[in-house]
C-alpha cells in the first residue's frame, strides 16, 4: 500500500542521511554472484545506493568460473591453505576469466539497470600493486597487496561511474598476481577512506561455535577478531574474511561487515534498516 | 520486516531516478500545515526529497492565522470573490503573520529535521513582483504576480538550502501585496523550470460532480481545465487551484497536481509510488 | 562643482582601498530607522559601500514598533534591567514585527535603491542559536547568543546580496528567542571575521561624564571599556553597546564603533573621511 | 651527438605544435603487437605523444591470441568473408582473450613506461553499442557499431590516462558482440572528433597494383577510396581498412592513415617527420 | 566638511553603478602627461576607477619625448600630414622612448599609487598588428592597425592589473611600426568591447567654429563627425581624434569622448558627474 | 633519416618527462643574443620547451647595446668593479635600451616562432624591487634586488605566455635601478620555486685553472662555490655568475647551470640529453 511505501522510505531516512556522500566498498561473491534473482537484487541495491548519494565500489573474485575454465582446458585446480596454486598458465586463465568474463558480466548487468559502470583490474592505472605471497611456500603468482593507487577510482566516481574491480593485482614488473578478493577489498576500503567495508558471503556471519547456528556474533572489535583467530576458535573458511575486516578497521575504516549474500537485498537491509544483519567488526 | 523495507526502496527506485536533480514547487497549506502529525510527515517528506537529489521549493499562505491575528486586533476579515479585502492595516497584519510567524515556524520545523531551510517573502531579492489586482474592483493591496526574479532561489538551492516562500509580493514602489499562494507557486514553478507543481489541499482532488465522491478526475489537460472552468462545472473553491495548475502547464511545467494534504506522506506517495493520487493537469 | 566632486572622491580613495573586499557588520537602529530622510541616507550609504567592494551586513531590532504592536493588542510592554519581559505571546509579537514587518521594510527600501537585499531571522539556516538568558531571573523567551552558523551569510554575499538580519534567535528546540540586536551584531561580526562592527545609536558616542557633552571619548581599548563598566562610570543605556563592542574586539574584530545615527550619512563619514566620529573600541 | 639530438627535436617542432591538444585514435595490431621490440617502441611512441600534449587512444583486436585459445579448447576457428563465425562459446573466448589478456597486457606495458593507462572494453560505460551484423548471413555474435558513448574516454583523458580499448561491443540486452577493431577505431575517432585515425598494419600501405610494390599510394580521398573498392582494384585484405579510413573521414576526421607497424617508431615517423609513410585518406 | 564628502559620494553613486564592471579605454597624452600635478591627478583617477570596479586601459604616445631624444642624437624630426617620417633609426628611437621610458614612467607612477600596472607595447603577445601606412606616400615605418589580439589584456585585467600600452605596433615580420595613439586606442576599445573611449587632449573639445570658443560641440553622432570632416569644417589637428572617435563608435563602442586633459580630474568629472565635458561622439 | 629522428625523440623522452610542468629561469645573454643563427636557435629551444610542458622564463641584460647607445649620445661608459657607473642620464639610456629595444626585439622574435611572449621590466607590477647598491661606493642608480613580487609571472604563464624580463628594477620611490641580470635571474628563480636556473655565457663553464681549458668543472656544490670564490681561485668575470648560481641554490633552486651560449641549442642539449655541458651548481 502506498502509505506503507511512504512509511518505509521515512524509516530509511536517517540511514540515507548518514551515508550520503560516503564511499562503501563491497566484496561481491558467493551465491549473490551466481543466482540470477540475487544478482539482479544486488544490482538494484547498488543503483539505489548511487541515487541516494553513496559511492559504491565493487570488488569481486570468481573461483567457480576459474575452476570451470581450467577444467575445460584440462587443468586440475590445486589449493594450498585455501590459496590457489597459480602457475603461469593458471594465472593467464585467472586473469582472462576474472577480468575478461566475470568483471564485464557484472558491468553489463549494472549498465542494464541504467547506471554507468566501468570495470577495472588491479593493472589499470596501477590500481593494485602486489608482491609475491610466499607465506605458504612458493605456490606461483599468488600476491599480497603492497600498495593501492586509488586516483583512478576518484576519477571514475567523480565522473558518476560505479567502479567494478577484479581481484588481479600487478607486480613491479607488470606481472599479474592472483590476490584474495576480500583482502583486496579491505585494502581498497582503507585507501579510499571508505565509511564501510561489506563482504558478501554464503554464511550468516561469524559463529562463536560454528556447530551452533544460534551463536551468531553480531559485533566484535578488530582486536577481539585478531584474538579469536589466534585462539583458534574461528572456522577456517572465515579466517581470511575476518582478517580482512580487522585489517580494514585497523587502517581506519569505521566499520566492516560480513553479511549473508544469500538473502535478497542484504546490502539495503544492512545499510537502511535498524536490523543488524551478519557480523560487524569495528 | 527488513526484506519488505528493502523491497519498498527498490519499488521507489525508478521514481527516485526520474526526479533526481529536478525542482519541484509545492504549495503547502490546509490541514497539512495545521495538524501536528501531518506537519511532521510533510517535513520528513521534504527531507527525503532533498536526500535523493530533488530540489523542493515550498510556497505557503496562511489564511487561518491571519484571520486569528486580525480578530485579536479587532478587525473583521472580509472577502470579495474569495480574495481578502486588504487595506493598509490588513496588509501589515498579513505580512507580519505570513512572513514573521508562519514562514519562520516552517523554517524552524525543517531545520529541526536536520536540513537547512531559509525563509523568504516575495520582497527578498525582489523575488515576486506584483501589480495591483483590480479584477474584483479595488479591494486594496491584493496583487497579481507580474514577474518572478528566481536568481535568489538558485543561489539558495545551489548552497544546499530549502527555500520556503510566503505569498507576499512587492510592487514597483516597495509596497507589499497580498497574493494567492497557489498562483504564486505556479508562477515560481514556471520561472524555475520546475518538473512539477504540487498543490496541497484539503480535498481529494477535482470531482467531475462535486456531490459525487466517486467522480474524482485523475487526469486532464490544461485546455480541458480551462474549458471546464468556462463551462461552470468546477466547484468555486477549486477554480483558483485548477487555474494555477493550468497556467503552470501552459508556461512549460510538465505536470501540476492537486493532492490531498490530509493524507500522511501524500507528497511521497505522489512522487514515489505508481498510485496516482489526486488530480493531475498536464 | 565638478572639480570639488572629483576632489572629494579622491579624498575618499585611501579609505575605499582599505575596506575593499572587507565585511562590515552594522547594527541599524534608532532615529536612522525611523526618520524617512535618515533612512534613505543609510540605504544609499549601504549601496555605495557595496559598489566599492565592501560587504555590509545589517542587523536590526525594532523596539518602538514592537511596543506599538503590543499596545494595539492590549498588552503592556514590561522591562527588567532593560530587557523586555517576553512571554510566549510577546515573543510571537516580537517575531512577527521584527521579521515580518521591520526586516522586510528595510529589504524593500534597499531593493528600491537598486541593490539586492535578502532578509533573514536567526532561525533561517540556524543562523543565530540562543540559550535562555536567566541573568535577570526568568523573564521568558529572552536569549543569549550561544553559537553563530555564518554559512548562509557567505552564500548570500558571494551571490551579491546584502543580508538584513532581525534580532530573533532560535533555541535547540526550534523556540524563538528575543536577543539584543547590538549583541547579535557583535557575535555576527566575530563569526564573519568582519573588519568592523558599527553600532548606530541616537547619541554622539560615549561620554566620560554623561552630563558633560564635551567629554566625548573618541577611542578606548576593549579592556578599558570593561574597566569603565566595572567602575560604574558608564551610563546605563550605553553599557550593552559598549559591552557588545568590547566583546567583538575580544573575539578578533579589529575595530568596533558607536556612532550617531542621527547624523545623515554617518556611515560614510565614519568609513570614508578622516573625521573620527563617535567612539571607537579597538 | 648532442647537437644532432637537439637538431632533431627542432625538426619535430612544427609537428609537435600541430598536434598539441589533439586526439589521435590508433588501431594497434599486427606484428607491432607481437614482436617484443616493436611493442616496446610503440609504447614509447605513445608516452612521447602524451608528453607533448597529444591524447592517444588505443583500440586493439587480437586475432592470433583468440585462435590459439580456441585451439587449446579444441575449437576450430571458422571465418566467413573474413569475419570470425562467433557462436556463444566463441564469443566468451573472444571476450576473455581480448579484454582479459591482450588488453591488460598492453595496459601493463604502458604503465611500465611510466604513463597511466586504463583498459576498457566496449561494455564499460556502454562505450561501444553494437547491433548484430547479418551482412554475411547469421554468423553469430558478430556486431556492427551502432553508437558510441564517448564520455568515459573524456573522463579518462581529462584525468591524464591513456585509454586502451578492446574490440568487444555490447548489444541492447547486455550481450557481447565481436566487432572489427579497425571499424571500432574509426567509429571512436569520429565520435571523439579526433584529428587523426591511424591503422597499424603489416603492409606498407595501399598499392595501386598489389603485385607491384612500387605502386604504393601515398594519398587518396575518401571518395576515391570508395570508388577503388567498388571498382574491385583493392586487395581483399585491405578493403575493411580502407573502408574504415573512408568512413572516419566522411564522419569528419581530417585524416586517416594506414601505416606499416613492422617499422619501428612508425607512429612517430608518421606524426613528427615530413616523411609521408603509408597511405593517407583525407 | 565630512557631510559634504558624504553627499558628494552619494551624488556619484548612480555613475559608479553604471560603469561597474565595464572597460574604458583612455588615450593618455598632452599636458596631462607632462604637468606633474595633472599626472598625479590622472593616476589617482585611474586608481579610483579600478576600486569602483571599472577596468581602465591606458594607451599613450609621447611625441615631445621622442623629439627631445631625436635632437640629442642629432636627428631632426620631420612630419608629413602630421605623421612622423620614421626611418629605421627613428623607429628605434620611437620604440625606445615610448616603450622603454614613457610607458615605464606611467607604470611606476601608477604602482606608486598602490595599484598594479603592467606596461605593454603592441609587440607583446602580438597585441597590435600593423601594416604599412602609405596614405601619405612612403614615410617609413608608419603603420595602420590591421588587427588587435586582445587576449593578453583580458589576462591582465582578470588578474587585477591595469594595462598601459605604448603606441608601437608590430608587422607580420616582427618589424616595429609607429602608430597613432588615438587610432590605436580606438581599435583597442572596439576589440575589447569597451563601454567608452576617452581621448585626453589639450583643447576643450570640438568647436563648430574653431575661432569661436563659445561654439563647443558637446555631442554629435559618428556619421555627423564623418560629414563634418568631409565638409572641411573640422580643424586639422582635431581630424584624427574625431576620426578615432567615429571609428570606435562605428565598431560598437557606445560612446567616445574628446576631453580636456588640462583640467584636473577630467576623467572623474566626465565619468562621475552630470556635467558633460568636452565632446561626445555616439 | 626518419628512423633516427624517432630514435632521438625517444632518447629525449626521460628528460621531457622530468621537466614537464616545471619552471626554468634562463639568463639570456652574450653571443647567443647577438649572433642571428644562435638567436634563432635559442628561440626555437624555448618554443620546444613550452610545447613539452616547461615554463621557461627569460631574463636579459644588454651591455653592448647600452654602450652603443651611450656612444651615439656622446657619453663614455664607465665601470667600477665590473658595475656600470649609472648617473640619471645613463639610467634613462639603460632603461630605454633594455626595456624598449632589447626586450621587445626578443619578444618579437619569439612571437615570430609562433608562441606568445610578453616583455616586462622589473617595474611592471613591481616585479623586481631594488635598493641602492653601495658595495662599491656611490656609483649611481645601481641596485640590489631586495624583493621579488612574482604574481605577474604566474598570471602570464598560466595564460600561456612566455615572460621576457629586462634587468631593470624599481626602488621604493619609483626610481629605476640598473641591476645585474644574472643576479636578477637567480632571485626570480628562487621566488618562482624554479626547477633550474640556467645562465647562458660565452665561456664553456667554470675552470679550476682558467688558463687550462681541460680543467672544466662539471659540478660543484653551492658551498664549494662560495669557498672557491673566497679562496680567490675563481676568474673575476665568473664570480658574479657563480655567486648567482650559489645564491639560487641556497634559496632552494635544485640546480643552477653556467652553460656556453655559443653552442647552438645549448639549452636543449643541457635539458634533453645525458651530456652534461657547462658547470652545474647544486
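Every residue gets a Cβ built from N, Cα and C, even glycine.
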Substrate site partner of A:62, A:63, A:178 (as recorded in TrEMBL), chosen from A:44, A:84, A:208:
A:84
Alpha-carbon distance [residue A:241 (site 'Transition state stabilizer'); residue A:178 (substrate binding site)] in Å:
17
Taking the domain 'Aspartate/glutamate/uridylate kinase' (A:22-260) alone, what is its mean pLDDT?
95
Validating a neighbour-count step here. Other CB atoms within 10 A of the CB of residue A:27 (site 'Transition state stabilizer'): how many?
30
So among the recorded positions A:84, A:241, who's got the most Cβ atoms within 10 Å?
A:241
According to DSSP, does residue A:63 (substrate binding site) sit in a helix, a strand, or coil?
helix
Return the residues near residue A:63 (substrate binding site) by Cβ distance under 8 Å, restricted to its own chain and a separation of at least 6 in sequence.
A:84
To the nearest whole angstrom, what is the C-alpha distance linking residue A:62 (substrate binding site) and residue A:27 (site 'Transition state stabilizer')?
11
Would you count the other CB atoms within 10 A of the CB of residue A:62 (substrate binding site), including those on all shown protein chains?
24
Number of other Cβ atoms within 10 Å of the Cβ of residue A:178 (substrate binding site) across all protein chains:
26
In the same chain, outside A:62, A:63, A:84, A:178, whose C-beta lies within 8 angstroms of the Cβ mean position for the substrate site?
A:61, A:66, A:94, A:98, A:167
From the Cα of residue A:241 (site 'Transition state stabilizer') across to the Cα of residue A:27 (site 'Transition state stabilizer'), what is the distance in angstrom?
10
Let me make sure I understand the span of the substrate site: among A:62, A:63, A:84, A:178, what is the greatest distance between any two Cα atoms, in Å?
12
